[in-house]
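One structure is given below, encoded as structure tokens.
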Amino acid sequence: MTCWLHMLGLHLLLLPTAPLAAGCPARCECSASTRTVACGRRRLTAIPEGIPAETRMLELSRNRIRCLNPGDLASLPTLEELDLNHNVIAHVEPGAFANLPRLRVLRLRGNQLKLIPPGVFTHLDSLTLLDLSENKLVILLDFSFQDLRSLQRLEVGDNDLVFISRRAFAGLLGLAELTLERCNLTSLSPESLGHLRGLGALRLRHLAIAALEDQNFQKLPGLSHLEIDNWPLLEEVAPGSLRGLNLTSLSITHTNITAVPAAALRQQAHLTCLNLSHNPISMVPRGSFRDLVRLRELHLAGALLAVIEPQAFVGLRQIRLLNLSDNLLSTLEENTFHSVNTLETLRVDGNPLACDCRLLWIVQRRKTLNFDGRLPACATPAEVRGDALHNLPDSVLFEYFVCRKPKIRERRLQHVTATEGDDVRFLCRAEGEPAPTVAWVTPQHHSVTAASRGRARVLPGGTLTIADTRPQDSGTYTCVASNAGGNDTYFATLTVQPAANRTQGDGHNETQVGVRFPLDLTTILVSTAMGCITFLGVVLFCFLLLFVWSRGRGQHKNNFSVEYSFRKVDGPAAAAGQGGARKFNMKMI
């Protein structure tokens, strides 16, 4: 008996004495120190009774609760966090969250909610986080969140959303983060987003939206972080799609864009982090990021990058991290950068790198550059295939990392005379180590490369082809072969003569005769002499006619007399002059 009493006393001493634990509901675990009640995975179908009034955190996740009714939580005025994730809640009645003035976190992820009735979140003035993801929401009605003035983070991803009304986000003056993912939205309403003046981060993931319109984000002046991920229908980022934003972080990943959105990026001078990974981008043209003077991180991993043109990263004066891993790059030249002195972390692993002089700048910095634990390795030449750049001995540098300047073979002068409409070719075969790239410069000082599209193109071997030649194509063409070791040039000339007969492109056959008159000194002198002789002949012919006509009139009297009598004038002077009539003798020639 004494032994039994002793064991009973010991058992009583071991019982919890905390006041919160004394009022703990059945099938729940309570903690007095943190004022937490944990009732997760208990197969509960309703809010349990007997929850201590001083509870701060209530965890009811992964149960079978179907509905929240008014008054279910009214006895918990000090509640700060409520977790109702992964139940089967289909209805939340207005007033269900009444008398919860201190509630800061409300989690309703993974339920069966299809609609949020007006007034459900009334009086939740302290709520800062609301998670409604993984439900069955189809539409967000006007003023669904108007009473949540303190809300900072809203999660509504993984729903069946097809429409967000214009005033759905009205009242969310303090919202800082919004996530929309795995919805059926096909467009973004600038009017609905325009109510989120204080929004700082917007995450848009797994959406079937095909285009970013110019006005999508114009009313979000405070947005600093924009994430666009898994938009398989997005093929282009319009130049004005980011207008009005002052982003510091931009991520556009797992889309179908095939080019760097350089025009849209020019307006983002405050950008410090840019992620364009996992897009089918095959080339980075020259100057693609020239206006991003504050950029510190650039990610282009897992794309289809095969070519990065010289000066592609010009303007990136503060670049610290560059991630080009898992692409198709054979090299990365130093002249690609504005300056490599600021670079701290470089990821070029997962590329078929050719270990030659173009990578010498990386090898020389292999002890100070951070490769983030992913060491790049050589794919060629065969002697060092699979060797990590970081582990190459210095003796290898003089054997494999040496360039040979390009040299153009067959330097015989090419002069081609073609008729308008003909196709012509100019050869330019160059050799060097590494293999040089060939470009041509036209008489109009335009550069023609292998990537050019038009009548003039450069074939893989360096040959220039000009289709459908025209007279304005005439002139001197310059071939420029270049690699990391230098360049070599070669000249060719083309003369295009106009065609005599030309078929117009409108479907009507018209014959145009083009006659060329070569103008030289002999032609001018002969033409002048012929003109003078013709003029003099005409003059002589006229004199001859006059002579013959005058002879045909017969003999004429050449002399004749004219008698003239002065008129009488009164006065003395007149009297003295009276002497009769005077005669004049004249001869006609």
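Cβ from N, Cα, C; glycine included.
Here is what Swiss-Prot says about this protein:
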SIGNAL    1-23  signal peptide
REPEAT    54-75  repeat 'LRR 1'
REPEAT    78-99  repeat 'LRR 2'
REPEAT    150-171  repeat 'LRR 5'
REPEAT    174-195  repeat 'LRR 6'
CARBOHYD  ASN184  N-linked glycosylation site
CARBOHYD  ASN246  N-linked glycosylation site
CARBOHYD  ASN256  N-linked glycosylation site
CARBOHYD  ASN275  N-linked glycosylation site
CARBOHYD  ASN323  N-linked glycosylation site
DOMAIN    406-495  domain 'Ig-like C2-type'
CARBOHYD  ASN487  N-linked glycosylation site
CARBOHYD  ASN501  N-linked glycosylation site
CARBOHYD  ASN509  N-linked glycosylation site
TOPO_DOM  550-589  topological domain 'Cytoplasmic'
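Residues near ASN256 (N-linked glycosylation site) in space but far in sequence (CB under 8 A, at least 6 apart, same chain), listed by position: TRP231, PRO232, LEU233, LEU234, GLU235, ASN279, PRO280.
Considering only the glycosylation sites ASN184, ASN246, ASN323, the Cβ with the fewest other Cβ atoms within 10 Å is that of ASN184. In the three-state DSSP classification, ASN323 (N-linked glycosylation site) falls within a strand.
For the glycosylation sites shown (ASN275, ASN487), fewest C-beta neighbours within 10 angstroms: ASN487. Among the glycosylation sites ASN184, ASN246, ASN275, ASN323, none has a Cα sitting within 10 Å of the Cα of ASN487 (N-linked glycosylation site). Helix, strand and coil counts under DSSP for the repeat 'LRR 5' (150-171) come to 0 helix, 5 strand, 17 coil. If you look at the repeat 'LRR 1' (54-75), the same-chain residues 6 or more away from its ends with a CB under 8 A from one of its CBs are 20, 34-47, 81-100, 107. Annotation note: ASN275 (N-linked glycosylation site) sits in a strand segment as assigned by DSSP. Proximity note: of the listed glycosylation sites (ASN184, ASN246, ASN323), ASN323 have a CA within 10 Å of the CA of ASN275 (N-linked glycosylation site), given in sequence order. In the three-state DSSP assignment, the secondary structure recorded for ASN487 (N-linked glycosylation site) is strand. Remote same-chain partners of the repeat 'LRR 6' (174-195), defined as residues 6 or more beyond its termini with a Cβ less than 8 Å from a stretch Cβ, comprise 133, 149-168, 201-210, 213, 215-220. The two recorded residues ASN184 (N-linked glycosylation site) and ASN246 (N-linked glycosylation site) have their Cα atoms spaced 28 Å from each other. Under DSSP, ASN256 (N-linked glycosylation site) is assigned to coil, being neither helix nor strand in the three-state scheme. On a Cα basis, ASN323 (N-linked glycosylation site) lies 23 Å away from ASN246 (N-linked glycosylation site).
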